[in-house]
């Protein structure tokens, strides 16, 4: 009954932390692998670390995914804005160069 | 003038199914139609059906909230930690739990509407996150010894045989029916569900609307968690686990499209009645819980197939 319980979340967390965009279209297998190692490393250290109880595992994992996904979204938005600004800056120069 | 109460084809179908289920149950077990059993039928899954009403808004709005079960757990655990462990007065703890629900819903809403992430991902991560905080609060203990009046609110009838949970369900249904079918808020919910871009261009503050709906969802889930604590009398870290799927099943069976923009609260109400009376009837006939879950699953599958088959037979395309 319990086999594989909660794995769907862990695998999504691994992929997203590894830099795979949640909206599709970008990411790599190596990144997802590093993400998976990172997720398990964090979970394992929470078990071993006496300062923080192991009950924090789930909470930390949940908010970690949220942070990674929103960092991705915000970064993409910033990059897009940067690109648009650069294109706007480049456009007048191109006009002057044509005649 | 518009008729006050209209039934679409799907609602009519649900009504027929409901009548059949009730007739079969009444015929098979004499206990079924007694008032005690009818109250019990609602009371056993009162938390789920209350949250299903708000989930209707969330899904019509073309979003999903998977974190409701965890939010119920978080609110129940926070209540247990505050009252059972820290000895805080229960009314204050209730108020704080409802605030936690509002805050949790606000977090969901902000990440969906302002940051612009898919609600599936946001509520999936808060589904783990809120459950995690609930577990941090209670670790692996089970906490009971709540005040007597609190347990009585969850277990005994408040007005005649009607419990507080049942009364809140009826009241919430009426309020939300008016809001969804008669008020501007409901109309905006449908428009945003059909197309968020169109709603944006029409000057609707879609982000604010979505955040409000997620906050309502969190608030009602927290309230349901408190009802659960009162009804069962003891709380563990896994309160409400897996409830979100039962809730979403009821809403989809009620004819709400998972892609948003269509569906009615009447349909959801009928679907709730069907699922509950089906489960209750089978329980009275000594059918095990696993088979009950299987039958509800088949019903959901049928609810997707029947409209498509009907459309194909009559040669029309599915709207």
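Numbering starts at 1 and runs along the chain as displayed.
Backbone N, Cα and C atoms are what each Cβ position is placed from, and that goes for glycine too.
Residues B:283-306 are the range that TrEMBL records as transmembrane segment, among B:187-210, B:283-306. Against the transmembrane segment (B:158-180), stretch B:41-59 shows more Cβ pairs under 8 Å than any other of B:41-59, B:90-113, B:211-230, B:250-276. When Cβ-Cβ distances below 8 Å are used as the criterion, the transmembrane segment (B:90-113) is approached by residues 63, 65, 67, 71, 74-76, 78-79, 82-83, 119, 122-123, 126, 130, 146-147, 150, 206-208, 210-223, 225-226 of the same chain, each at least six residues removed from its ends.
Remote same-chain partners of the transmembrane segment (B:283-306), defined as residues 6 or more beyond its termini with a Cβ less than 8 Å from a stretch Cβ, comprise 13, 25, 28-29, 31-32, 37, 249, 252-253, 255, 274-275. Here the transmembrane segment (B:41-59) sits against the transmembrane segment (B:211-230); at least 3 CB pairs are under 8 Å, leaving out pairs fewer than 6 apart in sequence.
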